[in-house]
Structure formats: C-alpha cells, structure tokens
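Enquirer: The domain 'GFO/IDH/MocA-like oxidoreductase' annotation in TrEMBL covers 2-44. Look at TrEMBL and you will find 6-28 tagged as transmembrane segment.
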Amino acid sequence: MDVATHVAGVLHFAGGAVATLVTSFDVWHHSMPRMEIYGSEGSLQVPDPNTFGGPVLFCTKGTKEWKEIPLLFDYAENSRGLGVADIALALADTKKHRASGELTRHVVEVMCSLLASAENKRQVAIKHTCQRPLPR
C-alpha cells in the first residue's frame, strides 16, 4: 500500500476561519502533544484522539502559561464508544444524531481532497457541506 506519510494543507472554513494542517508519521520521537491548535487569541493543546481522554490546555495570547480547561462532560477517559452512545440517545429521543452521514461524507471528502491537492499540486474545492452538529 502506498500512502502519504506527511501531508500539509490549508483549510478554509465556512465561518471564515483558516487553518494550516500538518500531519506526519515520519517522526522518530518527539515531545509535542498529539494535536495543537493555534488561533488569533491563543493556542490549544488537545490529548491524543486515539485514547479519548486527557486534559485540554489553553494558553492565551501574550502569556506563556498553559491552563487546563475544565471538561463540560464526564467522558474524559477511554470513551471510544461515545459516538455510538450519542446515536442511541438521539434515536431514543427521536432527535437527529450528530454522527450523521452528511458529516461523515464531508469529513471523508476533506481528507481525500487534502491528498488529491498534494498529489496534483493545486487547490481542491469541497463539493459537499453539512450543518455543524449541535451540542447535547
């Protein structure tokens, strides 16, 4: 199987935000968090999404101190089945669940478009959009 092990791209969100995404599997060892998000008002460190747990840290613009953000829900450790639980609760309440086919199609299209953009050295427009899922 031939797969890209380092992918970078610029994402333009419908709400106006712009993100630079850099992913790499070509790193032997590092001490960086699994995911770090930089914004105009500060930076977020989020835990490894594979473990579904850990602290979320925030450092505001102009400071050097990371502060832990309290979690809003009780699912902080190894909550891998959370998506299935959300679907079950939504169906029981006859509400639309958040892990919709529309969201899945959009996410897969974005991931495939990042790879196509890198391979073809050009910008790729996203054809399918979706509504942002509402929090529960």
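Please read every residue number as a count from 1 along the shown chain.
Quick reminder: no glycine exception, Cβ is built from N, Cα and C everywhere.
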Enquirer: Over the domain 'GFO/IDH/MocA-like oxidoreductase' (2-44), what is the model's mean pLDDT?
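Expert: Averaged over the domain 'GFO/IDH/MocA-like oxidoreductase' (2-44), the predicted model reaches a pLDDT of 85.
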Enquirer: Counting each residue once, how many in the domain 'GFO/IDH/MocA-like oxidoreductase' (2-44) are helix, strand and coil under DSSP?
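Expert: Counts, helix then strand then coil: 0 helix, 21 strand, 22 coil.
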